Amino acid sequence: MFDNILVSAAVEKAEDISIGDAAVTAVFGYAVVFAGLVILMIVLYCTGAYFKSKDAKAKAAADAEAAKKQAAAPVVAETKPELPLAPGSAGHVKLFDVPDKEAAMIMAIVAEKMQKPLNELHFISIKEVK
Amino acid sequence: MDILETLKTLWNDSGFQSFFVNGGWKNLIMIIISCVLLYLGIKKKFEPLLLVGIAFGCLLVNLSYFGSGSTDALYHLDLWDNFLNPEHEDYHSYGAIMAHGGLLDILYIGVKAGIYPSLIFMGVGAMTDFGPLISNPKSLLLGAAAQMGVFLAFFGAVCLGFTGNEAASIGIIGGADGPTAIFLTTRLAPHLLGPIAIAAYSYMALIPMIQPPLMKLLTTKKEREVKMEQTRVVSKTEKIIFPIIVAMFVILLLPSTAPLVGCLMLGNLWRECGVTERLSDTVQNALMNIVTVFLGISVGATTAAERFLSLETIKIIVLGLTAFCFSTVGGLLVGKIMYKLSGGKINPLIGSAGVSAVPMAARVSQMEGQKANPSNFLLMHAMGPNVAGVIGSAIAAGFLLAVFK
C-alpha cells in the first residue's frame, strides 16, 4: 500500500545514490520501522485490553456463580488436616499447573544457577506461564 | 597406448593443474577459508546447522569452478550473470539454468526465487512463542530500536562507494536475521550474496562475544541488577489472533514483506491454533531441516573465488560487524530510556535482544543479567524484544526493498 509513497519520498530507483540521499533514506527508513512497530504496539495494547476486560467479566461471573452455589449449599467445616512440615522446612510451595516432579526439577535448577543449597532457598509459588 | 600422453591428458583435465593457471591460486585460498569455516562450525559450534553446509558448499564450488567455461562445475557464475543480464537471451530464464546448470545451480534456484528464506521463516514462526511480546507490547520499541545498525551500515556502505542496492543488502546484516539478509540480497545485489550470508551467520554465531562488552559499557551495574516483574498470562485466543493481525497489518503496510512475514505468521498460526499439530511439527522439524540443507549448500556455492576474494568482501565484513554493534547499541539505548521512564522497573539489558538472532540474543541478556544479580531471570522478558526484532528486521528489509527494487 505504502510502497509507492516510500519510493517517491525517499530516492528514485537509481543504481547509485548520493551520500545526502543515503542519509535521508537511512533516517526515513528507521522512522518507518519505528512507526510500523509503534502502530502494531497500539493494536496489541487494544486487543490486550479487550481480552483482559473479557477475562475479568468471565471471572466475575464465575465468582458470582460460585458465591451463589456456596450460599445455597449447607456449611461444611473444613476438615482437611494440615500435614506436618518436614524438619527445616520453610513451609509449603504453591503450585499452579505445575506437576510435583517438574517443580522439584525447577527448584533444583534455580539452586544450581544461584549456587546456593536448596535448603537456603524459600520458594513461595511456581506458576506455569502460558 | 601412449602412457605419457594419457598421463598428460589426465593432468590437464584435473583440478590440480588449474591451481597454477588463470588465477587458480584464488581457489586454493577459498578452499583454505572453507576449511576454517568448517572448523568454526564443527569444533567451535558457530551456527553449525548452516555454517557447515555453507562451508562445504564453498569447498565444492571452489574445487569445481575455475573461471568461465568450466564445463564440469557444480555452479556456474556465467549462467547467473546471463540470468541477470536484460540484454542476454537467457535473461530471467530458469529453463537455461536447469538445462545447462550444475547441481548447485539448480539448488540455488530456491535461493534466487526467495523460496528457502521464506520456508525457513515458516519454521521460525512455528518454533516461536510470541507470548512474551503479546503480554508486553512495549518490547516492539526495543525491536525497532535495534534496527539502528541496519540503517547506519547502509549509510556507511554508501560512503564507502557501494551502490544503493548493495548498501541496502549490506545494511540488513545488522538485522541479525540470516533468512532476511539472504532474501533481500538475492533481490537487490545477488553478486554479494556469498560474503553477506557468511558475515550475517558468522556474526550471529559470535553474538555471545560481540554483545556483552557493549552491554557492560552502556549500562551501570545498578541497571543490570534490575529484576523485572512477571508479565500477564496471554490467552490462547490472543495467541491465535496475533499472527493474523500482524500479517494483515505488516503486509498492508509494506507488501514487499509478504513472503517473509506471511510465512512467519502462517507457521506461528499452525503452532497456536491447536488443530494443525502435524503441520506445525513438520514445519518445525522435517521441512526446516530439509530447507537448511539446501540453503546452506547453495549459499556456499556463491563463494566462487573469482568473485569472493575482493576488497569489497573485506568492506562487507567490517560493515557487517559495525551494523551488529550499532543494532545492539540502539536496543540498549532505548532500553535505558525505558528504564528511566519506568522508574527503574525495566532492565535495559533486554534491549540488546532486539536484534533478531532468536534465541541467542535473549540468552545473552539472561546471562549478563544473572551475572549482575544471580537471582535475575530475564529470559522471558528478553524474548519479547527478540521476536519483535524478527518483525522489525522484516519491516526494515521491506522498506529497503520498496525503495531500491
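The backbone N, Cα and C atoms fix where each Cβ goes, and this holds for glycine too.
What TrEMBL records for this protein:
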- B:24-42: transmembrane segment (TRANSMEM)
- B:49-67: transmembrane segment (TRANSMEM)
- B:106-128: transmembrane segment (TRANSMEM)
- B:140-163: transmembrane segment (TRANSMEM)
- B:196-219: transmembrane segment (TRANSMEM)
- B:240-267: transmembrane segment (TRANSMEM)
- B:287-305: transmembrane segment (TRANSMEM)
- B:317-339: transmembrane segment (TRANSMEM)
- B:383-404: transmembrane segment (TRANSMEM)
Quiz prompt | Long-range neighbours of the transmembrane segment (B:240-267), counting only residues six or more past its ends (CB under 8 A) | solution = 114, 117-119, 121-128, 130, 134, 179-180, 183, 273-274, 280, 283-284, 390-391, 394-395, 397-399, 401-402, 405
Exercise. Count the Cβ pairs between the transmembrane segment (B:49-67) and the transmembrane segment (B:24-42) that lie under 8 angstroms and are 6 or more residues apart in sequence, then report whether there are at least 3.
Key: yes
Quiz item: Who are the long-range neighbours of the transmembrane segment (B:287-305) in its own chain, taking Cβ under 8 Å and residues 6 or more past its ends?
Solution: 23, 26-27, 29-30, 33-34, 49-62, 65, 74-75, 77, 104-105, 107-108, 110-111, 116-117, 119-120, 122-123, 127, 182, 190, 193-195, 197-198
Self-check item: Cβ-Cβ under 8 Å with the transmembrane segment (B:140-163): same-chain residues at least 6 beyond its ends
Solution: 133, 170-175, 189, 312, 315, 319-320, 322-331, 333-335, 338, 350-355, 384-393, 395-396, 400
Exercise. Give residue numbers and ranges for long-range contacts of the transmembrane segment (B:317-339): same chain, 6 or more residues beyond its ends, CB-CB under 8 A.
Key: 138, 141-142, 144-150, 152-153, 156-157, 160, 170-171, 173-176, 195-196, 199-200, 203, 207, 210-211, 214-215, 218-219, 223, 226, 345-355, 385, 389
